[in-house]
Amino acid sequence: MSAKQPRMAASIHPRVLAMQFLGAIAFISGVLRSGASDPPLTLDYYASSCPTVFDVIHKEMECAVLSDPRNAAFVVRLHFHDCFVQGCDGSVLLDDTVTLQGEKTASPNINSLDGFDIIDKIKNKVESDCPGIVSCADILTIAARDAVILVGGPYWDVPVGRKDSRTASYDLANTNIPTANEGLTSIISKFLSLGLSVTDTVALSGAHTIGMARCENYRARIYGDYESTSGGSPSSEARLSKLKSTCPAAGGGEDNIAPMDYETPNVFDNSYYHLLLNGEGLLNSDQELYSSVLAIQTKKIAVQYAHDTAAFFQQFSESMVKMGNITNSDSFVNGEVRKNCRFINT
C-alpha cells in the first residue's frame with residue numbers, strides 16, 4: 001500500500017457505553033432519593049369520612065370491565081399519564097376551558113386516552129355517598145388498582161389522601177410522558193426524574209400486557225427492526241404481515257389498533273415479557289428494554305419477569321404504590337376535592 005490509511009477515531013465498545021450509562025443512572029437515582037420525602041398519604045384516610053369508597057369504586061370498575069375488558073387498560077393508562085405530569089393530582093381529567101388549558105389534547109394524550117366517562121360515573125356514585133370528601137385523584141388511583149385486579153393482576157393497598165389540582169400542564173404532558181418511539185436512555189431518564197428506578201421502569205412497563213396501540217404508534221417499529229429482533233420465524237413473520245396489512249407504511253389507518261400483548265390481550269400476566277424476549281414487542285419503547293445495546297440491566301429484569309410471574313406481580317405492586325405516591329405538593333396547599341372531575345370548583 002503506497003498511501004497511508006487515515007487514522008480512525010477510537011470507538012467505544014457498546015458494553016462500556018452501557019456501563020457508563022448505568023453509572024450515571026445510579027448517581028441520579030441517589031440524588032433523587034436523597035431529596036425525596038414521604039407523601040402525606042395513609043391507608044385509612046377515608047375510614048370515618050367515607051368508609052364505603054373502596055367498595056363503591058370496585059363495584060363500578062367491575063361493571064366497566066365486564067362490559068368491555070379494554071376499560072381496564074384505559075383506566076390504568078389514565079393513572080399513568082396523570083402521575084407523570086405534576087404528580088398524581090387528577091390534572092389529566094380536566095377539560096379545556098376559557099381560563100384553563102388541560103392535558104387531554106397534548107400529543108401523548110389526544111388519541112391515546114379514554115375512560116374519562118368511567119371516572120365520571122364513579123365520582124357521581126361516590127359523591128352521592130360522601131359529598132365533597134373523596135378527590136378525583138384518589139378515585140383514579142384506586143380505580144387503576146381495581147382495574148388490574150379485575151383482569152387477573154395483583155392486589156396492593158392504595159394509600160389515599162390526595163387533593164385535586166386546580167391547574168394542569170399541557171407543556172409537561174408533552175415532555176414528561178414516555179412515547180412509543182423513544183430510546184431507552186430517554187425512557188429511563190423520564191422515570192428517574194420522578195424518583196422511579198430502572199427496576200420500576202421495567203415493572204411498570206409491564207402494564208402493556210393489557211391494552212391496545214394505534215397504528216401511528218407502532219408503524220415505525222413494524223417497518224423498522226421488528227423483523228430483525230424477532231428472528232424471522234414463520235410465526236413472527238405471519239404476525240408482522242398481519243400488522244402491516246392494517247398499518248400501511250405510506251400512511252393511513254392511523255386509528256387501526258393492535259394488542260400490545262397479542263398472546264393474552266385482556267389478561268394481566270407476564271406474557272408481555274415473553275414477547276420482548278422473542279423480539280416481538282409492539283412498540284419501539286417496549287422492545288428497547290430488551291434489545292437496546294444499553295439494555296444490560298433492563299434486559300436481566302425482563303428475563304426475570306418472563307420466567308417468574310410472582311416476582312413481576314410483587315414488583316409491579318410496589319412500583320404502582322411508589323408511582324401513586326408521586327404527589328403534587330402544591331395541591332395539598334392550594335388543591336381541592338372537585339365536585340366534577342372535569343372542572344375545578346368555582
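Positions of Cβ are set from backbone N, Cα and C atoms, glycine also.
Per TrEMBL, the disulphide partner of CYS130 among CYS50, CYS215, CYS247 is CYS50. Excluding THR209, ASP261, THR264, ASP269, which define the Ca(2+) 2 site, the same chain contributes ILE210, GLU263, PRO265, VAL267, PHE268, ASN270, SER271, TYR272 within 8 Å (Cβ to the Cβ centroid), listed in sequence order. Around the Cβ of CYS50 (disulfide bond), 19 further Cβ atoms fall within 10 Å across all displayed protein chains.
Taking each Cβ in turn and tallying the other Cβ atoms within 10 Å, the top scorer among the binding-site residues THR209, THR264 is THR209. Distances between the Cα of CYS341 (disulfide bond) and those of the recorded positions CYS88, PRO178, THR264 are shortest for CYS88.
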